[in-house]
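Peer 1: Just passing along the structure, written as structure tokens.
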Amino acid sequence: MNVDQAVLRDEMAIHFLEEEWAQGLRLNDEWANSLTHGIGFILSLIGFFFLIAVPLENGDYWKLLNFTIYGSSLVLLYLASTLYHFFKKPHLKKLFRKVDHCAIYLLIAGSYTPFTMIPLHGFWGWLLFGLVWGMACLGVIFKAFFIHRFKKISTWIYLGMGWLVIIAIEPLINSVSQEGLYWLFAGGLSYSCGVIFYALDKKRFFHAIWHLFVMGGSLCHYLAIMFHL
């Protein structure tokens, strides 16, 4: 074996080891991603049953309907995210990535629903309800066809939808308790701060950190809806 062949063999071996190492890091990241939102799925499922128990027992079917929409969107988001990060087969990963991204729009609209239909209702309630669900439907269609494109635009749309509530801030202040408002805006801040890690999720474990901020935001909104609506 001449010197050139030996050098080539060593370079190929190094390249192979680098690829194996990089693949191992990606797998570790995906395990962290699926674990964080797997825990979120279990908690959201348990929380869903507690959420609907009181209005069901009291016979408050309007509140039950709105809580069910919110709870279902929460469970769907965490389930879709968990499955997307769990599966390794390309066709399954592609499918659940679409569902995962569509579920983000549905969770935003689902989180608005109890606030717009219970304390607000009337003009501002229906206006916000129509706007966020209209944007969510367009977002779902958009993601179904352009899942690999326009990530930055999608991120800004998520943020814009989340903070659209400020157009009805005065009637919201007049209809929701102060503590409920604290939880509502704390949730919005948690989601918004997490977007920083979502935008930089090529860095190791940043996507899992984004998941933790999502879980924090979900918890805040859950508490606002459960105890203050």
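One is the number of the first residue shown, and numbering goes on along the chain from there.
Cβ coordinates come from backbone N, Cα and C, glycine included.
So TrEMBL lists the following for this protein:
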type	residues	note
BINDING	H85, H207, H211	Zn(2+) binding site
TRANSMEM	35-55	transmembrane segment
TRANSMEM	67-87	transmembrane segment
TRANSMEM	99-117	transmembrane segment
TRANSMEM	123-146	transmembrane segment
TRANSMEM	153-174	transmembrane segment
TRANSMEM	180-200	transmembrane segment
TRANSMEM	207-227	transmembrane segment
Peer 1: If you skip the near sequence neighbours and keep only those at least six away, which residues in the chain come within under 8 angstroms of H211 (Zn(2+) binding site), Cβ to Cβ?
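Peer 2: Those within reach of H211 (Zn(2+) binding site), by Cβ under 8 Å and sequence separation of 6 or more, are N33, T36, H37, G40, S81.
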Peer 1: Quick check on the binding-site residues H85, H207: which one has the highest count of other Cβ atoms within 10 Å of its Cβ?
Peer 2: H85
Peer 1: Based on Cβ pairs under 8 Å, which of the stretches 67-87, 99-117, 153-174, 207-227 lies most in contact with the transmembrane segment (35-55)?
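Peer 2: Selected stretch: 67-87, with the most Cβ pairs under 8 Å.
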Peer 1: According to DSSP, does H207 (Zn(2+) binding site) sit in a helix, a strand, or coil?
Peer 2: helix
Peer 1: Are there residues at least 6 beyond the ends of the transmembrane segment (153-174) whose Cβ is under 8 Å from a Cβ of it, and what are they?
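Peer 2: For the transmembrane segment (153-174), the nonlocal Cβ contacts are 101, 104-105, 108-109, 112, 115, 119-120, 122, 124, 127-128, 131-132, 135-136, 139, 142-143, 181, 184, 188, 191-192, 195, 198-199.
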